[in-house]
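One structure is given here, and the rest of the page talks about it.
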Amino acid sequence: MGASSILPDLGTEILIPVCAVIGIAFSLVQWILVSRVKLSPGRDSGAPGNNGAAGKNGYADYLIEEEEGLNDHNVVVKCAEIQNAISEGATSFLFTEYQYVGIFMVAFAILIFLFLGSIEGFSMKSQPCTYDLSRMCKPALATAAFSTLSFLLGAVTSVVSGFLGMKIATYANARTTLEARKGVGKAFITAFRSGAVMGFLLAANGLLVLYIAINVFKLYYGDDWGGLFEAITGYGLGGSSMALFGRVGGGIYTKAADVGADLVGKVERNIPEDDPRNPAVIADNVGDNVGDIAGMGSDLFGSYAESSCAALVVASISSFGMNHELTPMLYPLIISSVGIIVCLITTLFATDFFEIKAVDEIEPSLKRQLIISTVLMTIGIGVVSWIALPPSFTIFNFGDQKLVKNWQLFLCVAVGLWAGLIIGFVTEYYTSNAYSPVQDVADSCRTGAATNVIFGLALGYKSCIIPIFAIAISIFVSFSFAAMYGIAVAALGMLSTIATGLAIDAYGPISDNAGGIAEMAGMSHRIRERTDALDAAGNTTAAIGKGFAIGSAALVSLALFGAFVSRAAISTVDVLTPKVFIGLLVGAMLPYWFSAMTMKSVGSAALKMVEEVRRQFNTIPGLMEGTSKPDYATCVKISTDASIKEMIPPGALVMLTPLIVGIFFGVETLSGVLAGSLVSGVQIAISASNTGGAWDNAKKYIEAGASDHARALGPKGSDPHKAAVIGDTIGDPLKDTSGPSLNILIKLMAVESLVFAPFFATHGGLLFKIF
């Protein structure tokens, strides 16, 4: 065991923060590039001699705009107005949401402190270590205080990630619309760059805050690494609990508006999707930013924080932690820092090395992003595993130490990374309208909405098969090589290219908004076609992003489960004991209960929205003729109130279940609940988000009319198109509310159980103690 890693500890201490700072700097550069698109109508914008750009392409741009008849100030002013309305709506909603969530955060922090502090009766004396009784460790009270602190840190970082993402998206949406006048390539680059801003800010922030927290905590803990990394798990809990409320609240908001706008606008009144006459249209576009962007950002940040925490906890009780080898101990963080650099190179491929000229190059370009980042990252992981790990070491495996070699750990990370790519591609195959599954769903619309629904559900269930095998294989490989630590780093491998994943994911809602703004500003048909093409590709990338989030959630949750079982001192989880089996049954039921709550919330909020939109169409004179303006604010208020009120019950279900089960039934039953919810949650999450994505793109396929088959099915307003709209409306809450929130349910219950494990192990199982 004497051999140490090639990379010295000082190198690690420099490498991690430097990579994080590079990531933040890169996102600022991208932001500056996006902000060059002006939203204020300049003196003949684009005329020769303006800003000295005439020599290169100013004059040509000017001619194009003349020809489109769009060089009037009105369009630019209108775009700026609409963008302003969307931005204000999103900001005010997030502030309202964060006020409620803030109260919860403080209450939960106090709960963590009281529960964990009470283990040793709030004593300040050192305790024998959990895993090595011969040494003395810091008191439980210290771990309680530091866990609370890291919980708050994670929560704040998560909220900030979501908020910044939303700010950037609402800043970029109108700029994408204006760039679409110059061609699809320019608009694509603007949308993609703003997605990259969010991706890199989030990845780098998450890494930097975690790294600083570890170093600050170390000042107190010194050599007690077991206690140090146990306290750090609070960071993952904070990140995910905020993500839960962001995802559920944002998801209810966006879908209430979307369903309401679609049902009255498209189906009853026969007006196009983002028509400015539709009162719910601003709420719909605000929703894209608070649900898909702020929610998704917090969600992936939570996954990232938790997989890092799970890996660190297991490592701290393995040879890395016992021998105090800093570089191999921080291996999970080094992977993430290399990931930032890899994603930076990958992003340049989309924005600088290849230019997009035609509509059909958009999806291949986004797919290229995934492939390039995965291939480069594989090389990166290989190098990191070679220099940051000793040639052989031992990993804690349920009570004993398992001998592992560095190439085995490389394979664990790589198998997670490639499983992520496979899940991404399978998701794309099932949700993109370039392939037969979605075209079959669109074809079934000829016989009405019922067949559309049947085909869509079948597609969703079928799309689970390959991702589940991919997850299963990566679990088997990584567990065989490196026990629970292997699974934790496999999850990190899947999330190592998080910056690119988030960039292509945030790109979707931004281009969706850009299309909405083009329609509302009354731009020409050609521009709307370009933004529609961007948006259809964005639907697929959003589905791919959800696939990644679900796949990584499954691995993260399993890794956390392993850490929980080790910490709660359970040697084996035996399915045949009644305590565990009842836990499995109840755990498998929880995702259904949770989905029922979120779907019903969307339904009842949409009902209110539909009534309000109908009321406005019936009572405001001249609304259909376009002579008077609808009252957008009331619709925004309906969505806001509904989502704030409705996000609390599902959130409480997820947060309270582990506490109630752990306190009353003990750790064995809780381990059953965690396993059950993981197994059933993953299936529902994958099928729900793919069904919804497929219905949405089947509708887009009919609307775009790009092939003879699609043209046979309709123009907009034909019967097959109306059937497709109904499918899309049913799919909305599936793909944007319950599906994506389920992966948070899986992770959050596991990380919460891990944080409270010391308490449950000493004081849990009250009911079984009485009998």
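Quick reminder: no glycine exception, Cβ is built from N, Cα and C everywhere.
What TrEMBL says about this one:
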type	residues	note
TRANSMEM	14-34	transmembrane segment
TRANSMEM	100-119	transmembrane segment
TRANSMEM	139-166	transmembrane segment
TRANSMEM	187-214	transmembrane segment
TRANSMEM	329-350	transmembrane segment
TRANSMEM	370-388	transmembrane segment
TRANSMEM	408-431	transmembrane segment
TRANSMEM	452-477	transmembrane segment
TRANSMEM	483-504	transmembrane segment
TRANSMEM	548-570	transmembrane segment
TRANSMEM	576-594	transmembrane segment
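Here the transmembrane segment (408-431) has long-range neighbours at 331, 335, 367, 370-371, 374, 377-378, 381-382, 385-386, 389, 437-438, 459-460, 462-463, 466-467, 470-471, 473-474, 477-478, 481-482, 485-487, 489-497, 539-540, 543-544, 546-548, 550-552, 555, 690, 693-694, 697, meaning same-chain residues at least 6 beyond its ends whose C-beta is under 8 angstroms from one of its own. Segment contact holds for the transmembrane segment (187-214) and the transmembrane segment (483-504), given three or more CB pairs below 8 angstroms at sequence separation of 6 or more. Ranked by number of Cβ pairs under 8 Å to the transmembrane segment (483-504), the listed stretches 139-166, 329-350, 370-388 are led by 329-350.
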